[in-house]
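Undergrad: Not my notes, these are from Swiss-Prot:
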- 33-53: transmembrane segment (TRANSMEM)
- 77-98: transmembrane segment (TRANSMEM)
- H83, H182: heme b b562 binding site (BINDING)
- H97, H196: heme b b566 binding site (BINDING)
- 113-133: transmembrane segment (TRANSMEM)
- 178-198: transmembrane segment (TRANSMEM)
- H201: ubiquinone binding site (BINDING)
- 226-246: transmembrane segment (TRANSMEM)
- 288-308: transmembrane segment (TRANSMEM)
- 320-340: transmembrane segment (TRANSMEM)
- 347-367: transmembrane segment (TRANSMEM)
Amino acid sequence: MTNIRKSHPLTKIINNSFIDLPTPSSISSWWNFGSLLGICLAVQILTGLFLAMHYTADTATAFNSVTHICRDVNYGWILRYMHANGASMFFICLYLHVGRGLYYGSYTYTETWNVGIMLLFAVMATAFMGYVLPWGQMSFWGATVITNLLSAIPYIGTNLVEWIWGGFSVDKATLTRFFAFHFILPFIISAMVMVHLLFLHETGSNNPTGIPSNMDMIPFHPYHTIKDILGLLLMLTALLVLVMFSPDLLGDPDNYIPANPLNTPPHIKPEWYFLFAYAILRSIPNKLGGVLALVLSILILAIIPLLHTSKQRSMMFRPISQCLFWLLVADMLTLTWIGGQPVEHPYIIIGQLASILYFSIILIFMPLASLTENHLLXW
């Protein structure tokens, strides 16, 4: 008799995805972040669902409803801070996941990579809209500044912005629609995750060497399930330490001031995970140019498979490319720091140089380094 796990139409899908899935034996802990992202998504959907039961998407009561959740709802404070800091963990895992893909050449699985880029955009949109919901000062002004960027689009820009706002400024209509979108997007993201996994399981996982590992596979369960659980425990420990000891560490104090359209905060800035893109946006003195640079800073990931000039897939045995990769990481950290600083000397010039370096590394230096390495190996 066949095992029901392998014969039943529903359990068969789960079995082939998480239990009997052939996995390379050599994949390191950098491959844990996919499962961690799945868990982050589940945590965000669950905490978000319970928060939505007590939240009101109305400009008059939104700020007070969040205060009510923290003060009066049973364990509301932990729900709120798990959700807010869970977003930070989500982005830490996301950036590490993308970095892993860049380093080990996982982007050569173009379908999986492109769905991943769409997922990144969807998660960024969701996080931005979620940041608007508490209706504090930074929520309101962040929404105003970021939606206003669309007015840089020639001809249709102004109409587009007013259409998104549902009026002539960020107001009740904007908050209501942002709540609706913030609620629905995670479920769309969940469906996209399925597509992401579908494409991944067509090819199988990459591994640190970048060499096909068809002759050396092990079942996903129990080996990688145990390994993923270790990663999960470490991530949950970090998240709970953050939530219990310093829940406001990554937030902005200005968001504890109710939104006031008549009073602009001294430094309008997004959450820390968008600061690198915000720094690139600010470093170009032209509005349309800045918006294009902002979009391209993420969209540039889509052309990385086309820029792969190396004869090797992974960077494991390519020291010049490795140096450039870590320079890119340092550059992104620099941009993140600059994004949180005021627009004044010397931060302006540092931001501009870091932005130029960001695009130069990806578009020019990395492809050239790969060609150089090919030449040095006499390939």
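Placement of Cβ uses the backbone N, Cα and C atoms for every residue, glycine included.
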Undergrad: Among the binding-site residues H83, H201, which residue has the fewest other Cβ atoms within 10 Å of its own Cβ?
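TA: Checked H83, H201; of these binding-site residues, fewest Cβ neighbours within 10 Å: H201.
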Undergrad: Based on Cβ pairs under 8 Å, which of the stretches 33-53, 113-133, 178-198, 226-246, 288-308 lies most in contact with the transmembrane segment (77-98)?
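TA: Ranking 33-53, 113-133, 178-198, 226-246, 288-308 by Cβ pairs under 8 Å to the transmembrane segment (77-98) puts 33-53 first.
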Undergrad: I need to check the long-range neighbours of the transmembrane segment (288-308): which residues 6 or more away from its ends have a CB within less than 8 Å of a CB in the stretch?
TA: 98, 102, 105, 107-108, 110, 113-114, 117, 120-121, 124, 149-150, 152-154, 276-278, 280-282, 355, 358-359, 362-363, 366-367, 370
Undergrad: Excluding the flanking five residues on each side, which residues at least 6 beyond the ends of the transmembrane segment (320-340) place their CB within less than 8 Å of a CB in that stretch?
TA: 99, 102-103, 269-270, 272, 274-280, 282-283, 310, 347, 350-351, 354-355, 357-358, 361-362, 365-366, 369-370, 372-373
Undergrad: Could you measure between H196 (heme b b566 binding site) and H83 (heme b b562 binding site) for me? Cα positions, answer in whole angstrom.
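TA: Just about 24 Å between their Cα atoms.
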Undergrad: Report the same-chain neighbours of H97 (heme b b566 binding site): residues 6+ apart in sequence with Cβ closer than 8 Å to its Cβ, ordered by sequence.
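TA: Correct list: F33, G34, L37.
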Undergrad: Six or more residues beyond either end and a Cβ under 8 Å away: which residues meet both conditions relative to the transmembrane segment (347-367)?
TA: 279-280, 282-284, 293, 296-297, 300, 304, 307-309, 321, 324-325, 327-328, 331-332, 334-335, 338-339, 341
Undergrad: Could you measure between H182 (heme b b562 binding site) and H201 (ubiquinone binding site) for me? Cα positions, answer in whole angstrom.
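TA: For H182 (heme b b562 binding site) versus H201 (ubiquinone binding site), the Cα atoms are 29 Å apart.
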